[in-house]
Amino acid sequence: MPSTVLWATDIFGKVFTLSTDGQQWAPCKNGHVEFKRVSAVRSCCWGVGCNHQIYLYVHASDLPIRYQEETYENQRWNPVDGYCEKLLPSDRWQWSDVTGLRHQQLESFMLPSPHWEWESDWYVDENIGGEPTEKGGWTYAIDFPATYTKDKKWNSCVRRRRWIRYRKYKSRNTWAKIPSHEDNKKLPDPFNDITVGGWEITDEPVGRLSVWAASLQGKVWYREDVCQNIPEGSSWTELETPSEVIQISCGPNDLLWASLWEGQAMVREGINRNNPKGSSWTIVEAPTPENGIMHVSVGVNVVWAVTKDRKVWFRRGVNSHNPCGTGWIEMVGEMAMVDVGLNDQVFGVGYEDRAVYFRQGVTPSELSGKAWKSIVVPRGNERSNSESPNSLLSAGCFFGDEIKEHSDSPIPSDIESSSEPEQSAVQENSSDSSEPADVGPSQQDEPKDEELSAVLELDGQQKAGSSLSKDSGEDSAHSAGPVPKAGAPKWTSIDLLEARINPARASGDMTGLSTLGIFTAGEEESFVCETHPLWTWVSGGGCLVESHTPLKWFTLQTGLSASMQSLSLSITPAHTAAWRKQIFDQLSERSKRELDSFRHYEQAVEQSVWVKTGALQWYRDWKPNKWIDVRVALEQLTGTDGSRDSILFVYYTHGEEKKYIHIFLNEVTILVPVANEAKHSFAIYTPEKTKQRWPIRLAAATEQEMHDWLVLLSMSCYESRKLQGAPSSQAIWSVTCKGDIFVSEPKADLESVTNGRSCDQMFWRQIGGHLRMVESSSNGVVWGLGYDHTAWVYTGGYGGGFFPGIASSTDNIFPQTDTKCVYIYENQRWNPITGYSSTGLPTDRYMWSDASGLQECTKTNTKPPSPQWTWVSDWYIDFNVPGGTDREGWQFAADFPASYHGYKTIKDFVRRRRWARKCRIVTSGPWLEVPPICLWDISISPSSGAHNSESIALWAISNKGDVLCRLGVTKQSPSGSSWLHVGTDQPFISVSVGGCLQVWAIARDGSAFYRGSVSPAQPAGDCWYHIPSPHKQKLQQVSVGHTSVFVVDENGNLWFRHGITPTYPQGTTWEHMSNNIRKVSVGPLDQIWVIADKVQGSHSLSCGTVCHRLGVQPMQLKGHSWDYGIGGGWEHITVRGNRADMAKTLQPKENATEKPDPQEENGESAFSHIANC
C-alpha cells in the first residue's frame, strides 16, 4: 500500500505533513502564507490562510494536469467560391462549439488563471470515429445537424473540422491562491473554513470533488467544477442557509454537516450524483443545551463533534439514508477539534497539550473506536523564513487567548529598539520552542490590553543577533513600519481557544517566550528539537490507515548514542542480504563437510516410503456429476540417490464396489485452487485431463486444509521435476480470471518446428500474489497490474500467499492487497398497469441476476468471490456501464437478450441497472508496489537491456488513458525512477513496445497508432502516426514482437499486420488470422500465444484457454495452426521473456498437424470447472 500523508498546521501558521510510513513531520512550502485551517484529500489540499483567502496545494506528479480546449470551424459550399466561410443566416457560427449554438473563436480562449499555461498552439484533429481523415481534417455532411463522414460526396454541402489546444496546470507543490466570488456589486466575503470531499458521489467527470467553504459572515459557498482536469474549479456559488455558519465538514459521500453560531448543527440533505449541492437544510440540536456545538467532522457513516466545553461526541445511526443520525454519545477526552479521515479513522488536536491524536480501534463494526493515542514524532529541521511578529498574533486569532510576557523574565524587553531582522529571527526561534500549558478558558472575561501582546526579548550581543538575522531570508531585505507597542490590540476575531503558556511546564530558566533571547544559534537549535510543537488543525482526508497498517507515529527512538544511530543508518538491506547469504554458505559448507565423511557407508534402507492420508470430497466423472466423500493417500518414495516420486490415490465407492484412481505427480501439469463460498476445492490437471478440459477436483472441509494439501502436492511435484528457486528470465507467466499467478519454464525446443510435444504437457507452478495481468521480458524484469490498477514489480522471490516456510523464499516476499468490484443486475419489465416493475413474465430472467440472467444474485445472497475476500463498501448503483445509463442508472432494451442503451424509447419494454460492491483481498507474494499512478496496461521491451546498467524500454497506459514511458528501468533497478508523459489527443487503452523499440498503441475509440523515432536517446519518440484499423472494427489490444504486430478487436478477432519493414515500420494492410481470441502475446522471437474462448473439450466448450501458434518462422510469421494448452479460466499470458532459439529446420507442410481454430458456436459459452470467468 503506498504511503499517504496527514496534514496539520501549528500555531504559527506553518503547514506540515506526516507520512504513514514516516516518523517525522515534514514542512510544507508555505511561501509567505500562514494558514489557519487545511482540508486534504489524496491528490491535493485546500487551505484557509490567515488573510482569510483560499489556497490550493496540488501534489507534483509525473502525470501532468491537461485540459483540452476545442472549437469547430464550419464552412458551406456555394457555386462561386466553393467551400468558404460565407454561411447562410440560419446557419451556425463560423467558429462554434460542437452543437453550433455558442460562438467560439480561437482568440476567445483565455487561460482561466495565472496557474495555467498553454502546452501548444492550435492544431487540427485529423481523426473521426477512430479513422484518419484526409489532410486538413475536414469532415463532410449534407447539412450541419447531419452525420459527418470523412469522405466527400456529391451532396456534401457543408463541412467542418475540429481545432484542439491543450493547457497545463503549472502550480504544483506550491500554494495557489483561489479567487473569491467575482461579483463586483458585493464586497469580498472573507473565508473562515473550508472542507473537501464528495469524491465517492460520482466519478464523472474523473476526480470530481465537492469543495465547500464558510465565510466570516456565516455564508456557505460551493466551488463549481472541481475535478482532475480543473483542480481549482471555476467559480463560487452561494447557498442560502437558515442561520450563520461558523464551521463546515463534508465526507467522501453525501454527508455534509455545519456548526452554527447558535450552537446547533445543520445537515445538508438531497446530495446525490445529479445534485451534488443538495436541496435543503435540517437542524440537529446540540448534545447539551448549555454547551453548543462549535466543531463537527463527518466521514462515510460517522459524525464527530466538539462542544464549547471541549467535550467530544459521537453521532450514532448516521448513513446515506439517514444523514441526521439518531443520537449523541459522549466520548472520553477533551479536544480542540477532530477530523474524520479515510475509512472513518479519526484524528484530533488535544485541548490542553495541543498534540495531534489518533483514535485507535476504529473498525467498520466499531466506528467509535477505543482510545486516543498521541502522535509523538518530531518535526523536521525546517527553518522558517516567512514568520513575522504578526505570526503569533495571527495564530492567536484562532483561539482567543494570548501569549503573555513572563512576570519574572530575567532580561528586560528591548523590542522597541530592535530592528526587523532581529525581531524576525527571534520570532523564528519562538515558533518551534513554545511549550504547551494548562488551558484556562477565557470566554467570560475580556482580554486585557497587556495580555494581547507577545513580548519578545533579545540578547544584547551583536554577534548573536547578526547570526540569527542571516536565517530570516527575505525579511531582512525589507524594512517594516514601527512595531506596535505593548497594549495595542493585535486582533479582533475569535475562533477557537489557544493554550496559555504555563510556567510550571517549563524546565529550568526556559520559562516563556522571552527567555529565547539568551540562546546562541546552536543552543537554540538543540532546544527546539526537545520542545513539543503546538498544533491548531489536523486533516486526515488524504491519509489512509488500515486496521492492519503498522504505524511508527507513537514511539520515539531514544537512548541511542550518535555513533550507534550512525551505525544503524549505515546498515542497508543489501548488507543484511549479504550477511544472510554468507551465513547460509558457511552452514552449507559445514553440513557438506560433516556428511562427506560418512558417504562410503552402505545405506541401511534402500528406499523409504512416506504416506499422508486424509478425507476429502471428489467431483466424480460420471453422471450425474456430484461431490462424493473419498479417502486420499499421498505416497512419496525416496530412492537411494535422493530422487523422490509421489503417487496420489483417491479411494471411492461405486455402488457397493470399492475402487480407486491414482495420479503420478510427475505427470501433473498444474494444481489450481478453486476457492468459493460453497467449496474449498482445487483442481489437478494432467496432459490427458487438459485435453478433456475436465480436471480432477477435490474439496476439503476448511480453507486451511485445502491450502495444506495444495502445498504438500505442489512440493511433491517440484521434487519430482527437480524444480526449486525463483523462475528464470525465460519463464512464461500467466494469470487466471481469479487473479492467481502461474509460471512455466519453457523447454529449449518449445518453439521448434520439429517439436512433437504439445503445450498441454507444460508444468505450471503458482507464485504468490493477486494480479490482473503480468508482463515479462528476457532481462528478468517483470511487472504486474492488480484489479485496482496498482502496479507491482517482481522482486525475484517465489512462493508467498498460502505457501509457507520451505515452500517459499524467505526474502523478497511482501504484503499485497487488491480490490475489485462484484456486479449484480436489477431487472424490470414494463406493464400497462404499474409501468416498470419487478414483476416479469414466467420466461423472464431473475429480477436480480448476474449479467447473463441465468443465475439469481440478490444483494443478500451475493458473497465475495472467495473466503479470502472481504467487503469494503456497501452496494451502490454503477453508472459506468457500456452503452450509458439514464440519471437513475437504468439501461433500456426491447427485450432482455437485446442490446441496451441509456435512454428510453417507445419500443423499450425492459430495463436493467447494475449494482456494484467493492471487496478486498490481503495476501503476500514476491511483489513490490510501484506508486503512485494507477495503470490500465503495461508493456516491456522483450529484448533490450542486456547489460545490468542498460536501460529497458517500458511503456504504460494510466487508468485515465494517458500514455507513459518509464525511465530508469534496468536489471538492477527493475522499478525504474520516474514516468515521462507522452502527449496524445485522446485516451488510450493498450500499448506494446517491440524488440526494436517499435511502439504501437490502441486508442479508446479503437484506432491504432505507431510512435515514431523511439530510441534509447529519445525514449518517448517524437510523434504519433495514425494507422487505419481493419474495416469497421474497433481494436482493443496490441502486441508487438521482433518483426510482427498482432491486434485483437472487440469482437475477438485476431489480426496480423503485413508489410512491416525497417524502412516502413507502420506496415501496409491487416489480415484476419483467427476468431474467439481474448488476449495475444507476441514474444521476442515473434512467438504467438493467445488466450482463446470456445475451445472444445470432452464435456463442454472451454473459455479462457492458453493456445500456442505452431509453425512460426522468420519467413512465415503467421504460423499454420493452433496447439491448445492449459485452460479454461485463464485471463492473461505473456511470453515476452522466452528467447529460447527455435530450430531453423522447416517442417514439410504435408506433415504439419493442422488443428482448427477455436470453434465459433451458436450455443452458449460454457466455462471450465476451474473458474467462472
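Keep in mind that glycine also has a Cβ here, set from the backbone N, Cα and C atoms.
These come from Swiss-Prot:
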type	residues	note
REPEAT	209-240	repeat 'TECPR 1'
REPEAT	254-285	repeat 'TECPR 2'
REPEAT	301-332	repeat 'TECPR 3'
REPEAT	344-376	repeat 'TECPR 4'
REGION	403-489	region 'Disordered'
COMPBIAS	409-422	compositional bias 'Low complexity'
COMPBIAS	424-434	compositional bias 'Polar residues'
DOMAIN	609-718	domain 'PH'
REPEAT	730-757	repeat 'TECPR 5'
REPEAT	952-983	repeat 'TECPR 6'
REPEAT	997-1028	repeat 'TECPR 7'
REPEAT	1043-1074	repeat 'TECPR 8'
REPEAT	1086-1126	repeat 'TECPR 9'
REGION	1147-1173	region 'Disordered'
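Across the repeat 'TECPR 4' (344-376), the model assigns an average pLDDT of 92.
Between the repeat 'TECPR 9' (1086-1126) and the repeat 'TECPR 7' (997-1028) there are fewer than 3 Cβ pairs closer than 8 Å, counting only residues 6 or more apart in sequence, so the two stretches are not in contact.
Proximity of distant same-chain residues to the repeat 'TECPR 6' (952-983), defined by a Cβ-Cβ separation under 8 Å and at least 6 residues beyond the stretch ends, is recorded for 62-64, 66, 119, 166, 206, 228, 777, 779-783, 789, 791, 793-794, 928, 930, 933-941, 944-945, 989-993, 997, 999, 1001, 1004, 1011, 1014, 1019-1021. Sorting the repeat 'TECPR 7' (997-1028) by DSSP state (H, G, I as helix; E, B as strand; all else coil) yields 0 helix, 15 strand, 17 coil. Per DSSP, the repeat 'TECPR 6' (952-983) is made up of 0 helix, 15 strand, 17 coil. Panel annotation: around the repeat 'TECPR 8' (1043-1074), residues 994, 996, 998, 1000, 1002, 1006, 1008, 1010, 1025, 1027, 1029-1030, 1033-1037, 1080, 1082, 1086, 1088, 1090, 1092-1093, 1114, 1117-1118, 1122, 1157-1158 of the same chain, lying at least six beyond its termini, place a Cβ under 8 Å from a Cβ of the stretch.
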